[in-house]
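What follows is one structure encoded as structure tokens, with my remarks underneath.
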Amino acid sequence: MLQKPVQLLLWVAICLLVLLTVYVFFMLDMLWSPFWLVIKTIFIPLIISIFISYLLLPVTEWLHGKGLPRTLSILVIYVLFFGGIGWALYKGVPVLIVQLTDLSENIPMFAETYNGLLLHVHNHTDDWPDGMHHRIDKMIRQTEAFFAGTIEGAISGIRNVLDYFLIAATIPFLVFYMVKDIELMKKTVWYLTPKSWRKRGSAFLRDVDDSLGDYIRGQLLVCLILGVIAGISFWVFGLPYPLILGLISGVTNVIPYFGPFIGAVPALLIAMTISVKAVLVVVITVFILQFMEGNILSPFIVGRSLKMHPVVIMLALLAGGELAGIVGMILAVPATAVLKVMMIHFLRMRTEH
């Protein structure tokens with residue numbers, strides 16, 4: 001009778017001990033920071049290479065299945081992918097630095113414009129509580145500080161990219177050999193895995209791939225298309241910083257449902273300092289992009305690969321946003337999909353035993 005409560009207490013104690021160990025580990029940052037630097041230098045390129053290989057492998061297999069020799073199909077995808085990224089960086093980074101620098105210099109002007117708008121609002125809302133006026137002023141100041149810090153960090157990161165050049169240069173080579181020797185890597189992992197875990201482990205990874213693979217690849221393609229369309233639209237209608245706003249729009253579209261509206265906030269803030277026409281252009285562009293994503297791109301490219309109810313996805317997005325902001329919202333859906341597969345396999349194991 002007491003066996004289950006004792007086991008439960010044991011697991012709780014182990015979890016608390018692990019959490020305490022992690023906490024102490026992070027508190028002693030002076031000791032582990034050199035090791036973290038080495039780990040970061042090794043594992044970040046490795047993780048990026050694994051992710052890129054995961055994206056490119058199905059396309060390579062598709063070309064190989066059409067009769068193209070495997071080595072040639074790898075080279076074609078390799079050259080197209082990294083050649084396209086290289087060309088985009090060569091053309092886009094100088095423009096991006098110019099636009100970021102200009103935006104950073106104009107932030108005080110934008111703040112002055114917003115202060116004028118606030119003064120106008122204050123004059124027409126004298127009956128509002130003073131606390132509400134104070135909160136609006138505070139929100140504007142926090143927004144200004146956030147954008148200033150983000151832009152300065154982006155400029156600094158782009159200008160210091162040479163510091164990470166050697167690390168980044170290893171990624172194309174890692175990707176090539178990962179895609180080329182994928183079967184050898186699978187066999188190695190298979191033999192290194194304990195025999196009792198092999199069947200369940202391969203089934204778990206296969207289910208995760210079935211759940212996430214098409215979603216991730218499709219979502220990234222949708223984001224690329226929407227980001228390009230947004231950037232071109234802002235450029236055609238004369239909105240400043242079209243490359244920055246297009247990038248923000250594309251990246252935030254990774255977030256289901258809320259992404260287009262989050263990506264529209266910077267464009268709206270800038271458009272408000274120009275004219276009502278600019279605001280209308282941004283609003284219309286966002287609604288067109290939202291319509292394209294919901295009715296054309298996502299149904300055909302992404303489909304219902306996740307097999308999760310929209311309510312579950314929205315709850316996951318809210319939880320991710322609360323825990324880690326925008327990054328949490330981006331990672332929330334893939335993490336929930338993996339947790340769903342883990343839960344299914346756990347329940348299956350319980351029923352088998």
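Cβ coordinates are placed from backbone N, Cα and C, and glycine is handled just like the others.
Some features that Swiss-Prot has for this protein:
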TRANSMEM  8-28  transmembrane segment
TRANSMEM  37-57  transmembrane segment
TRANSMEM  77-97  transmembrane segment
TRANSMEM  165-185  transmembrane segment
TRANSMEM  220-240  transmembrane segment
TRANSMEM  243-263  transmembrane segment
TRANSMEM  269-289  transmembrane segment
TRANSMEM  311-331  transmembrane segment
So which of 77-97, 165-185, 269-289, 311-331 is most in touch with the transmembrane segment (220-240), counting Cβ pairs under 8 Å?
269-289
Look at every Cβ pair spanning the transmembrane segment (77-97) and the transmembrane segment (311-331), keep those 6 or more apart in sequence, and say whether at least 3 of them are under 8 Å.
no
Taking residues 6+ outside the transmembrane segment (311-331), which of them lie with a CB under 8 Å of any CB in it?
252, 254-258, 262
For the transmembrane segment (165-185), could you work out the same-chain residues 6 or more beyond its ends whose Cβ comes under 8 Å from its Cβ atoms?
41, 44-46, 48-50, 52-53, 56-57, 60, 70-71, 74, 77-78, 82
